[in-house]
Amino acid sequence: MSLMLEPNPTQIKEERIYAEMGLTDEEFAMVEKILGRLPNYTETGLFSVMWSEHCSYKNSKPVLRKFPTTGERVLQGPGEGAGIVDIGDNQAVVFKMESHNHPSAIEPYQGAATGVGGIIRDVFSMGARPVALLNSLRFGELQSPRVKYLFEEVVAGIAGYGNCIGIPTVGGEVQFDPCYEGNPLVNAMCVGLINHEDIKKGQAHGAGNTVMYVGASTGRDGIHGATFASEELSESSEAKRPAVQVGDPFMEKLLIEACLELIQSDALVGIQDMGAAGLTSSSAEMASKAGMGIEMYLDDVPQRETGMTPYEMMLSESQERMLIVVKKGREQEIVDLFEKYDLAAVTMGKVTEDKMLRLFHKGEKVAEVPADALAEEAPIYHKPSKEAAYFAEFQAMKMETPKVENYKETLFALLQQPTIASKEWVYDQYDYQVRTSTVVTPGSDAAVVRVRGTEKGLAMTTDCNSRYIYLDPEMGGKIAVAEAARNIVCSGGEPLAITDCLNFGNPEKPEIFWQIEKSVDGMSEACRTLQTPVIGGNVSMYNERSGEAVYPTPTVGMVGLVHDLKHVTTQEFKQAGDLVYVIGETKAEFGGSELQKMIHGKIFGQSPSIDLDVELKRQKQVLEAIQAGLVQSAHDVAEGGLAVAISESAIGAKGLGATVKLDGEATAALFAESQSRFVITVKRENKEAFEKVVEAIQVGEVTSTNEVTIHNEENEVLLTANVDEMRKAWKGAIPCLLK
């Protein structure tokens with residue numbers, strides 16, 4: 001039996017075995033003090049996963065406290081499986097985003113698939129039916145064979161899981177930069193709907209109540225996954241494939257239906273997903289949140305491998321498992337319910353009053369630790385922070401407009417940059433129409449899903465321009481939230497709240513910690529100004545390979561409320577003769593832009609700037625015009641500037657083009673990436689009414705010529721481009737790079 005091989009408490013201390021599990025000398029001394037004795041092997045394992053950055057946020061908590069987390073509509077902020085926001089009529093939207101970066105770097109298909117599975121469980125553990133999935137992906141340059149492999153496998157993994165489980169993947173974003181070559185980012189978001197009375201918490205109340213294990217059996221996959229996610233990737237990480245879990249979407253589909261039926265039963269007290277740190281986190285957190293303890297008999301854990309030790313069972317991150325607490329005496333009802341779905345439901349313990357997590361195996365007590373010590377009392381570190389050396393240098397640079405010889409060729413080249421190019425190759429692999437509630441499919445500013453039985457819809461998006469955040473973390477943090485809100489507004493939605501996924505390098509490096517602090521400062525300010533509180537999220541640190549960190553990438557997932565589906569607006573032009581308006585001024589801002597990266601092969605200088613009060617004013621005006629029925633199409637101006645935004649609106653339409661006139665220096669007018677700008681089209685008869693509501697400049701009109709023609713203020717033609725040719729270049733870019 002492998003039990004014989006476990007080191008004893010003295011060996012764990014003297015041979016510093018705890019260090020291999022991720023605990024520091026000081027942390028091990030704290031554990032010894034909490035217990036009043038040396039921990040055994042299982043107990044050391046419990047502390048090592050629960051005190052990892054991934055589970056405890058020990059390095060990021062002081063920064064996360066800056067986020068605004070309350071608001072009129074917020075029913076549940078950070079701290080539970082997912083956040084919840086009221087949408088009226090006794091309904092609420094539940095959503096959360098999480099990362100699965102490290103597993104996806106090692107085993108991309110399963111890493112991405114189980115990332116999707118985990119975030120779905122977070123949402124239905126709150127009592128909500130999952131209705132949509134989104135993702136935000138980062139990879140190196142597609143010229144590299146390894147990157148092509150990671151990209152193809154990650155997309156296949158997301159598709160494989162989401163399509164089988166029957167939840168539409170409706171939106172997302174993909175960006176490519178060399179810094180992600182060895183460390184891709186895979187962030188998955190799930191959105192669910194719930195009635196107020198069905199909201200459930202992951203809390204173990206009521207001494208004597210029964211603790212039950214439901215779902216798939218436990219294997220050795222994913223042991224120490226949380227610890228693995230709290231260290232840098234290296235050559236030896238390849239050997240950690242066992243730390244990557246394997247998902248079964250068909251099992252999860254059954255689990256969703258069983259749990260949603262269970263939630264209607266008054267026998268249920270609390271429910272939580274076994275996510276990172278598996279049984280350890282679910283039991284310790286449920287006990288701690290309720291101010292109770294839990295006693296568990298590990299012989300009763302359904303196991304799919306023989307001879308598993310308590311340590312292995314507690315730390316396994318096998319997928320498709322939930323821990324539930326039910327009223328004493330009602331266990332058989334639960335067993336019967338799960339049996340109907342061919343799922344196991346096993347009694348394995350009870351709730352106690354003494355606040356201890358106590359584990360038994362083969363008649364012996366194998367662990368006894370305070371639940372609060374695991375769930376709440378991890379040390380909190382105030383890491384040293386130091387402004388990155390490059391920042392002052394970039395801020396002092398005198399920025400020059402990139403030299404462009406041929407505007408048309410430059411536009412075509414930009415449309416073929418993988419970050420701008422059509423992502424159809426990606427989303428064509430996703431079933432985005434399953435459940436038949438998708439109103440706006442992938443490819444527009446935000447996806448929209450109808451709320452059945454009402455006239456309402458939910459708009460949703462993921463956004464983050466990591467280049468801006470690298471150049472100026474605080475300004476970039478503001479832009480990430482503002483762009484997400486702009487996308488929601490362009491779709492006809494009122495921004496409600498955000499979930500975030502903070503992807504950074506090693507927080508022990510002062511310059512990385514400075515990036516974390518500053519970007520959170522920027523995001524927090526934007527959330528306050530735009531009234532979109534943070535209702536939950538995830539931190540992913542140590543995204544480095546060979547000491548090189550990824551760009552700071554605090555991804556924003558935002559959900560908005562479309563009050564009436566009549567207001568749903570998309571980015572493509574609708575009919576010839578409509579007037580084209582631009583909202584917002586264009587400045588020669590090229591730092592971190594697609595044009596700068598394309599011409600110079602790198603990014604430098606100052607990021608675009610943003611005034612949040614101006615942003616809010618413009619968003620409110622655009623939303624008011626949309627809700628008044630005055631807007632035909634709306635598109636946010638982002639990567640590639642106005643020329644790309646206008647071209648995208650033409651590409652999305654059939655047989656339409658536009659003739660527009662842009663003032664100012666030509667390269668900036670066409671390609672600068674100034675913030676808070678929109679391209680809007682309006683019916684001619686609504687011109688006056690629209691101009692009363694929105695401060696905008698009419699720049700041209702939609703034509704039936706199938707060409708985009710852009711003039712300068714002297715009326716000289718800067719470029720004329722055939723829309724079919726642009727569409728072909730834009731759609732063909734990613735498939736061509738993958739050949």
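Positions of Cβ are set from backbone N, Cα and C atoms, glycine also.
Fair warning: this is a prediction, and the values are worked out from it, not measured in the lab.
Taken straight from Swiss-Prot:
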- HIS54: active site (ACT_SITE)
- HIS100: active site, proton acceptor (ACT_SITE)
- TYR57, LYS96, ASP500, GLY537: ATP binding site (BINDING)
- GLU98, ASN538: Mg(2+) 1 binding site (BINDING)
- SER99, HIS100, ASN101, HIS102, ARG121, GLN245, GLU317, SER318, GLN319, SER540: substrate binding site (BINDING)
- ASP122, ASP273: Mg(2+) 2 binding site (BINDING)
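Here the features listed in Swiss-Prot are painted onto the structure.
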{"residue": "GLU98", "record": "Mg(2+) 1 binding site", "Cβ contacts under 8 Å, 6 or more apart": "GLY115, GLY118, ILE119, ASP122, ASN187, ALA188, MET189, CYS501, ASN538"}
{"residue": "HIS100", "record": "active site, proton acceptor", "Cβ contacts under 8 Å, 6 or more apart": "GLY111, ALA112, THR114, GLY115, GLY118, VAL186, ASN187, ALA188"}
{"residue": "ASP273", "record": "Mg(2+) 2 binding site", "Cβ contacts under 8 Å, 6 or more apart": "GLY81, GLY118, ARG121, ASP122, SER125, GLY202, SER282, ARG321, MET322"}
{"residue": "ASP500", "record": "ATP binding site", "Cβ contacts under 8 Å, 6 or more apart": "PHE67, MET97, MET523, VAL534, GLY537, ASN538, PRO554, THR555, VAL556, GLY557"}
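Cβ neighbour count for GLY537 (ATP binding site) (all protein chains, 10 Å cutoff from its Cβ): 24.
The Cβ of TYR57 (ATP binding site) has LEU64, VAL539 as same-chain neighbours under 8 Å, each 6 or more residues away in sequence.
If you compare every pair of Cα atoms in TYR57, LYS96, ASP500, GLY537, the residues listed for ATP, the longest distance is 17 angstrom. If you measure from the Cα atom of LYS96 (ATP binding site) to that of HIS54 (active site), you get 16 Å. For the pair ASN101 (substrate binding site) and HIS54 (active site), the C-alpha distance works out to 12 angstrom. When the Cα positions of SER99, HIS100, ASN101, HIS102, ARG121, GLN245, GLU317, SER318, GLN319, SER540 are compared pair by pair, the longest gap among these substrate-binding residues is 20 Å. Nearest Cα neighbour of the residue listed as 'active site' among the listed binding-site residues (SER99, GLU317, GLN319): SER99. Summarising the environment of ASP122 (Mg(2+) 2 binding site), the number of other Cβ atoms within 10 Å of its Cβ, over all protein chains shown, is 27. Contacts of GLN319 (substrate binding site) defined by a Cβ separation under 8 A and a same-chain sequence distance of 6+ are given as THR114, GLY117, GLY118, ALA216, ASP221, GLY222, GLN245, VAL246, GLY247, ASP248, MET251, GLU252, in order along the sequence. DSSP assigns TYR57 (ATP binding site) to coil in the three-state reduction, outside any helix or strand.
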